Every structure is written in C-alpha cells, then in structure tokens.
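Peer 1: Just dropping this structure here.
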Amino acid sequence: MISNKKIQLSLFAIHIVFGTLLNSTHAIELDEITRTVTLEESGKTIVLTPEQVKRGKRLFNSSCAQCHNGGITKTNPNIGLEPESLSGATPPRDNIYSLIEYMKDPTSYDGATSIAELHPSIKSAEIFPKMRNLTDEDLFAIAGHILIQPKIAAEKWGGGKIYY
C-alpha cells in the first residue's frame, strides 16, 4: 500500500513539473513602450492594454494569418505589413485608424481602386465570412497587433520567405 507521504510527494512533484511548464508557456508581458502605437495620422499615440494585445493576436491569427502569416502578403510578397510598406501606401496605413479603415473598405496600394471583392473586409463580409462578426473593437485590436509586431519580431515581421 502506498503511504500518504508518498502520495503527497508525488502530487508535489507533479505540481512542480506542471507549474514550471505552464509558467514557461505564458505570453511575455510587454512593456508600455512596446504596447505604444500610433493612433492616427497626426501622430497621436495610444498604449494598448495587455488584453487588447492578446485579443489582437488571437483575432489576427484566426482572421488574417492565412494570407499574412509573419506579416507577409502571400498574394504580393513585395508589399507586407512591415512599417515601410504600411507608411508607403496611399493613404498611409501606419496607424490604428487607417488600418481599421482599410479593414472596413480595402483599396489598392496606391489607393485608386477598391479591392473589397478580393481582400477580406467588413464591406465584403458576405464573400469572406470570417469578417462578419468582427466589431470595431476587434478591428482596433487587430490593427494594434499589426503595429506592435515590428517591435517584437523586428525584421522577421514582413521579412518573407527567408524567415517563414
């Protein structure tokens, strides 16, 4: 028969092993500087909450990563989600509000043509069902995720095939 002491030691060992594994898999806590992103074209910034960061990552992975894994654009690898590409678009898509506007009604990189029938968006939610239930709060979180990734993944974000 197993003694109570052996059972207690076994349970303690299990607790230590699983506790260590669980703690090692928690998301890295990002500081305020990392969570600070540009809100609007004027340059005003905002600090995303840890909840917005987690939500943005989850939503990006479920709604956007199929075509933008690692910040690349599978259909056009020359234009990714890295800061240079975002700021070079017309209008620039390098802030929360402009990314939200893009996710609602996307246009070509030069801004001249609507691409809502080609790119998932709120406007084309009937064609792209994943977009149907996204709220403005969801779009805000996704935009925040896109803007903090260069701070986290550095050159890997939008780096293309050499990294992914």
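Any Cβ shown, glycine's included, is placed from N, Cα and C.
As annotated in TrEMBL:
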- 1-27: signal peptide (SIGNAL)
- 51-150: domain 'Cytochrome c' (DOMAIN)
- Cys64, Cys67, His68, His119: heme c binding site (BINDING)
Peer 1: Tell me the residue counts in helix, strand and coil for the domain 'Cytochrome c' (51-150), as DSSP assigns them.
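Peer 2: Residue counts for the domain 'Cytochrome c' (51-150) by secondary structure: 53 helix, 2 strand, 45 coil.
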Peer 1: Same chain only, sequence gap of 6 or more: which residues have a CB within under 8 Å of the CB of Cys67 (heme c binding site)?
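Peer 2: In sequence order, Thr73, Lys74, Thr75 meet the Cβ cut-off.
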Peer 1: Cβ atoms within 10 Å, counted per site: which of His68, His119 has the most, among these binding-site residues?
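Peer 2: Within the set of binding-site residues, the most crowded position is His119.
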Peer 1: Give me the largest Cα to Cα distance among Cys64, Cys67, His68, His119, the residues the record lists as binding heme c, in Å as a whole number.
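Peer 2: In whole numbers, the farthest two Cα atoms are 12 Å apart.
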Peer 1: Around Cys64 (heme c binding site), how many other CB atoms lie within 10 A of its CB?
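Peer 2: Taking all protein chains shown, Cys64 (heme c binding site) has 19 Cβ neighbours within 10 Å.
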Peer 1: Cβ within 8 Å of the heme c site centroid (Cys64, Cys67, His68, His119 excluded): which residues?
Peer 2: Ala65, Gln66, Thr73, Lys74, Pro120
Peer 1: Average the pLDDT scores across the domain 'Cytochrome c' (51-150) and report the rounded value.
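Peer 2: Mean pLDDT for the domain 'Cytochrome c' (51-150): 95.
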